[in-house]
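> Sharing a structure, written as structure tokens. Questions coming.
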Amino acid sequence: MSIFLKNKQFENITSQEQTKNNYKQLINDIQTLKKDLNAIILAHYYQEPDIQDVADFLGDSLGLAREAAKTNADIIVFAGVHFMAETAKILNPEKMVLLPDLNAGCSLADSCPPEIFSEFKKAHSDHLVISYINCSASIKAMSDIICTSANAVDIVNKIPLTQPILFAPDQNLGRYVISKTGRDLLLWPGSCIVHETFSEKKIFEFQSLYPTAEVIAHPECEPTILKHANYIGSTTSLLQYVKNSKKTTFIVITEPGIIHQMKKSCPEKQFLALPTVSGCACNECPHMRLNTLEKLYLAMKTRSPQIEIPESILLNAKKPIERMLEMSN
């Protein structure tokens, strides 16, 4: 081997060691700040693995809302997207809530502009408004009850049959709820860009490659996708399902961040993230992936960016969230 190649190899090893040391130091700094600030890190399953591993609590929207409602921490660092951090602030108006990147929005939340939704609601004033938690604080403030993918079916089932329901903003989750409850819901035409990238073609391809695999999917997917699923559920529900299943191979149809926890829980099993038709990384949420360990550290160090919500919106948005938590207990 030439001296040049040896030197290059040494440089690569040195660089890798430096990166590893920097990573360890970053983790230590985050843990120190967390203790000094009496902070808690809440993270969604769709976050990158490094953030999942440093979180104090990891969960789906319902679990995160419950945790935010009961935390004794002074500062909540929310590793998720904007509407999730807003929910934490609504439940804890006196606490500081930090979001590592304020640009971490949500295509589903953006598909329901408050001004337009307000007019839609007025046109159907006899309807009870049940909104999926994946919406802005302004939409929550116009809602009667909030739901998540984990409890949407149960909540709708608790509403009297004579009461018309307006369900927003996810039409795909709404269609799933209709299929499970038999209710005639009025749906707002919103959707998640990630969960609409999947195709039947790719399901068939993967099923031919892995004939014994079970297909598991999130209810934000389109009906044409869900009809091929052996199991449909929220991220927490999907995780619990693979833990209990006797099957060893799963085709996972949702944002692939959840697979990190599936592999940790069941290292002996195989989890296959269903790709999009184009084969790009479009099944990864671009908003969730804006958060990084470095941004999380900087948010704690600088106490910014903070989530702020006008008091009038905050107070009105809190009622339907609390009603959801009461109905889910």
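Cβ from N, Cα, C; glycine included.
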> Given that Swiss-Prot lists His44, Tyr132, Ile133, Asn134, Ser149, His218, Pro219, Glu220, Thr235 as binding iminosuccinate, which residue among Ser61, Ser111, Ser118, Ser199 does it place in the same site?
Ser61
> Between Tyr132 (iminosuccinate binding site) and Cys192 ([4Fe-4S] cluster binding site), how many Å separate their Cα atoms?
12
> For the C-alpha pair, I'd like the distance in angstrom between His44 (iminosuccinate binding site) and Cys285 ([4Fe-4S] cluster binding site), rounded off.
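If we compare the Cα positions of His44 (iminosuccinate binding site) and Cys285 ([4Fe-4S] cluster binding site), the gap is 12 Å.
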> Give me the Cα-Cα distance between Asn134 (iminosuccinate binding site) and Cys106 ([4Fe-4S] cluster binding site), rounded to a whole Å.
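Rounded to the nearest whole number, the Cα-Cα distance is 8 Å.
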